[in-house]
Amino acid sequence: MNFVAPDFMPVVPELFVLTMACLLLVIDVFLEQRQRYITYGVAQLTLLGAALLTLVTYAHAPVTTMFGHYIKDAMGDLLKIFIYLSSAAVFLYSRDYLRRRDLFKGEYYVLGLFGVLGMMIMVSAHSLLSVYLGLELLSLSLYALVAMDRDSPVASEAAMKYFVLGSLASGMLLYGISMIYGATGSVDLQVVSDAVARQGADNLVLVFGLVFLVVGLSFKLGAVPFHMWLPDVYQGAPTSVTLYIGSAPKLAAFALMMRVLVDGLGTLQGDWQQMLIILSVLSIALGNLVAIVQTNIKRMLAYSTISHVGFLLLGILAGSPEGYAAAMFYAIVYVLMAVGAFGMVIMLGRTGFEVENIDDFKGLNDRSPWLAFLMLVIMMSMAGVPFMAGFYAKWMVLQAVVNIGLVWLALFGVVFSVIGAFYYLRVVKCLYFDKPEQSEPIHISLDTEIAISANGLLLVALGLYPTALMTWCATALLN
Amino acid sequence: MLSNYLPVLIFVIIAFIAGTVMVSLGYFLGPRRDDDAKLSAYECGFESFEDARMKFDVRYYLVAILFIIFDLEIAFLFPWAIVLDKIGLFGFAAMAVFLGILVIGFIYEWKKGALEWE
């Protein structure tokens, strides 16, 4: 047996991120605390470099390498670009927060980069093995990040919960993978797909494996009834980490669903469609209803995440190319909204005070009209008000569901997004119609303010001209 | 097909007998002169039997984790060394990269002071 070196060209962005993350780890231990900004700068440069590498090598036809464990295609490249973008925003937004909380450590950026690497592997996974590898790399980085604020009992509890439940979910996923391997004799998604097509959907072991896979994946996505970790982790983790967990990993989770369920087990669509319908209905209902009673803004956004995951699943379960494109569009827009929303939460804090409750947004319009406007845009977009990016995303997803004849499901989604609009509008009411409870001026560094403005305006632009991104998603999925 | 497992069964029986005989020989024939030092737990500093929910120094944990990493390295290196002549330059380079990444972790833990007991 002789190993032939695989083609390394398609994995150059991954290799770059890995090298830089390792390098950063070494550089960081030799830095003084006051030089820590170098770590931050290198991390941002790494993301920029990876984005350039991905853009230059943008795949127009799918290429598999690493003995079939890895695929480079347009869907992966598109999602990776948004992963870099949102992670760069996360690093930027959280910089001042980490400084004032004494959490400005190199580990945040190193673990962040390793998480990005994990997401890149998930997005480009072409075998169940690399799916698991990427997922674990991401999850392990996230567990450590949540626990980063060691003196906070809430954060430690959140990390513990996340770790225990996350390991359980990984176990489920592995169990499902082992069953699928047993039924098809391979972990390569292409071979699995061929084998499933040959033996049909009535293989009990295969369906059993599928159930465990879906359970594992929906845990990572945070779909009801596997959502229990999500509100606690979002609330307990330092806001900079919540920002990270709430953004790019959703793109990776979407890609994972596409790779495993659509590319690998597409023949079993009849089976997983039913499971996803249940998950999606429960997520939309519970997410929107429970978010109404929340007073903590991070917890409210956590429940809002759950309901958005439900909508994302609607697009995937439609099982049509337009449904997948709609779900991809939804995932991207959601990540932009989540980065913006948690970014606002993080930015309004100052030394000795962090925004925790919805009431902390009271009268923001009197203190800073521009920030209030940006928050308005983000909330409106999340609620799905027409002419916002969120509206178009919901519209496309619902249209895909209607087109496969599940009108009741679409109606259900519409009703609950109207119910959900209540708690977003409550934040807007706080912004504009309540008297401010604090009068301290808001200090935001210039680069952060430019970034959050761009973030908000991007949501408006995507709401007015969604076609460009939508076409990009659709063509990326086609090849 | 079941007959294929006969050697396994015989092996299990022999192993059971051998184990029982050796332990019981030691128990019945060996001299026993216990004193406090002999009965106390060896080295590790813990009682052998006590409540599992106790506090212990977190440094043990750190050392154990660091040990496992480098122990696993050996577990990878050993089979690799045996098939080195068959896997060619690519196999060699792959292990070199793996060791390189471990060295980076090693530098990190050293600089962070994880190797110092006090």
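Glycine too: its Cβ is placed from the backbone N, Cα and C atoms.
TrEMBL lists A:125-420 with the feature domain 'NADH:quinone oxidoreductase/Mrp antiporter transmembrane'.
Under the heading transmembrane segment, TrEMBL lists A:12-31 (among others). Sequence-distant contacts of the transmembrane segment (A:12-31), counting only residues of its own chain at least 6 positions beyond either end whose CB sits under 8 Å from a CB of the stretch, comprise 38-39, 42-43, 45-46, 49-50, 53-54, 57, 80, 106-107, 109-110, 113-114, 116-117, 120-121, 124.
Annotation source TrEMBL lists transmembrane segment at A:38-58 (among others).
Taken from TrEMBL, the feature transmembrane segment applies to A:78-94 (among others). Packing against the transmembrane segment (A:78-94) from elsewhere in the chain are residues 13, 40, 43-44, 47-48, 50-51, 54-55, 108-109, 112, 115-116, 119-120, 123-124, 239-240, 243-244, 247-248, 251-252, 254-255, 328, 331-332, 335-336, 339, 342-343, 346-347, 447-448, 451-452, 455, 472-473, 476: each is 6 or more residues past its ends and has a CB under 8 Å from a CB in it.
What TrEMBL lists as transmembrane segment is A:106-123 (among others).
Tertiary neighbourhood of the transmembrane segment (A:129-148): same-chain residues 66, 69-70, 103, 105, 107-108, 111-112, 114-115, 117-123, 155-156, 158-159, 162-163, 166, 170, 173-174, 177, 187, 220, 233, 236-238, 241, 244-245, 249, 252, 256, 259-260, selected by CB-CB distance under 8 Å and a gap of 6+ residues from either end. Per TrEMBL, transmembrane segment is recorded for A:129-148 (among others).
Look at TrEMBL and you will find A:160-184 (among others) tagged as transmembrane segment.
Look at TrEMBL and you will find A:204-229 (among others) tagged as transmembrane segment.
The transmembrane segment annotation in TrEMBL covers A:274-293 (among others).
According to TrEMBL, the transmembrane segment annotation covers A:324-349 (among others).
The transmembrane segment annotation in TrEMBL covers A:370-393 (among others).
Positions annotated as transmembrane segment by TrEMBL: A:405-425 (among others).
Positions annotated as transmembrane segment by TrEMBL: A:457-478 (among others).
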Does the structure show the transmembrane segment (A:370-393) and the transmembrane segment (A:38-58) touching, where I'm treating 3 or more Cβ pairs under 8 angstroms (sequence separation 6 or more) as a contact?
no
Give me the stretch from A:38-58, A:106-123, A:204-229, A:274-293, A:457-478 with the greatest number of Cβ pairs under 8 Å to the transmembrane segment (A:405-425).
A:274-293
Other than its close neighbours in sequence, what residues sit by the transmembrane segment (A:457-478), given a CB gap under 8 Å and a spacing of at least six beyond its ends?
73-75, 77-78, 321-322, 324-325, 328-329, 332-333, 336-337, 340, 377-378, 381, 387-393, 396
Cβ pairs under 8 Å with the transmembrane segment (A:106-123): which stretch of A:38-58, A:160-184, A:274-293, A:324-349 has the most?
A:38-58
Residue list, the transmembrane segment (A:38-58) vs rest of chain: Cβ under 8 Å, 6 or more residues beyond ends.
9-10, 12-13, 16-17, 20-21, 23-24, 27-28, 31, 72, 74, 77, 80-81, 84-85, 87-88, 91-92, 95, 106, 109-110, 112-113, 116, 120
